[in-house]
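What TrEMBL annotates here:
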type	residues	note
BINDING	Lys121, Gln184, Gly216, Asp247, Lys390	UTP binding site
BINDING	His217	substrate binding site
Amino acid sequence: CVFVYLTRGAMTEFQEKLRQQHEESMHRELEALLATANTAEAQISRKDFDGFKEIFHRFLQVKGPAVDWAKINRPPEDSIQPYEKIKTKGLPENIAASLNKLAVVKLNGGLGTSMGCKGPKSLISVRNENTFLDLTVQQIEHLNKTFNADVPLVLMNSFNTDEDTKKILQKYKHHRVNIHTFNQSRYPRINKESLLPIAKNMGMNGENGEAWYPPGHGDIYASFANCGLLDKLLAEGKEYIFVSNIDNLGATVDLFILHHLMSQPADRRCEFIMEVTDKTRADVKGGTLIQYENHLRLLEIAQVPKAHVDEFKSVTKFKIFNTNNLWISLPAIKRLQEQNAMELEIIVNPKTLDGGLNVIQLETAVGAAIKSFNNALGVNVPRSRFLPVKTSSDLLLVMSNLYSLDAGSLTMSKKREFPSTPHVKLGSSFTKVQEFLSRFESIPDMLELDHLTVSGDVTFGKNVSLKGTVIIIANHGDRIDIPAGAMLENKIVSGNLRILDH
């Protein structure tokens, strides 16, 4: 038996060779894939693949955790401003002039699959038959009419959502809002073992449909520049974009933050604002702002070394999290893209496909770019600016009388005595939107609710009222029908309760 000891130098040389081999093999495979596309498709995909090669190259270089835990510091006091302080500045007479320098970008790449819906998530009805997209268009149209402004709406679609979204856009033709769309890149999923693409060709059909993914919202900078929209908006005199997730119903254009950006002296222009809000127990996985090597940085849970995950989740050490409502300077994006100076941390997202194949997706987050911009700032905003609808439990809250709807914006009802939203946990029978809707004859009155847990086969009659803490549990095989007009206050309901039509 012969033992071979590699010196450290030889080891590094060996690793370097291996890296080169992986990279060469990847480039060969990508060229072979491009050869299967038609000319127009190949042109777009080549740009996508250039971005992918760069992220793959960086992925091969990085070893170990993305951050050195010992270097993490709390952000300096003045780098996260309270919203109240920004609000005290008031608004100028000509806020329309500031609005005319703004474009609103909504991240619209996601599907509704987690809520049991086909097609783009933005087309799910959330309130009075209005979809996420309807509400967004109404909000911006209201701004444009009220201030006689021209704020365009830009949708960042993915190959999953682009076609369906474009079909729907016809219906907003006569609304007072200019709508632009652009597409996120399409990157190849790679086999976890071989580190090569699993795609057989550039097609999207059948098994090959699983071979592609949109690479996270950090891709906005490159795809926005590549498609020509960045230059178009700059030529139209736009200076900032307000970026947010389309499923965050709290992410409306805030005139105070906009004025704060526009009123900075030219030599100290704030190029990036991240809206953060105080963490609650429900937000322990949200990314947080840290000070790292003299820069504000976004720290995501995926970057945290395993030994420190509990510390990351603590509400005491990291008190705030990123809402993903971001205000970003367009000239700064242009500068950083031209200099190729935005090194976004890579998030390695492992997936197991239906057939059991293990793949990895290399992704980036839009907020991670904060470290590259000058005079970046966090603004600690009220919780009301973070109202995401990720699950049917969230959907129940926004459909209820806890919120009133005005010009596409949801605001907490004045009749609720305390500002926090109730904690709602609906069981698996409510996961899919269709099934969820079939279980409520009408949405219950929830103005005085603190906590609701529902598990099992449960239905609600008309005009039910829920107050305090309500827990309803139907065991396997049982069913509970909450009768019409019932008022449940601080109650636990379990067992079997059937109400049958006579």
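Even glycines carry a Cβ here, placed using N, Cα and C.
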Candidates Gln184, Asp247, Lys390 (binding-site residues) - the one closest to His217 (substrate binding site) by CA:
Gln184
Under 8 Å by Cβ from Lys121 (UTP binding site), same chain, sequence gap 6 or more:
Gly110, Leu111, Gly112, Met115, Phe132, Thr161, Ile246, Asp247
With Cβ-Cβ distance below 8 Å and at least 6 positions apart along the chain, what are the contacts of Lys390 (UTP binding site)? List them in sequence order.
Ser114, Asp247
Long-range neighbours only, meaning 6 or more apart in sequence with Cβ under 8 Å: which ones does Gln184 (UTP binding site) have?
Gly109, Met156, Asn157, Ser158, Phe159, Pro214, Pro215, His217, Asp219, Ile220, Ser223
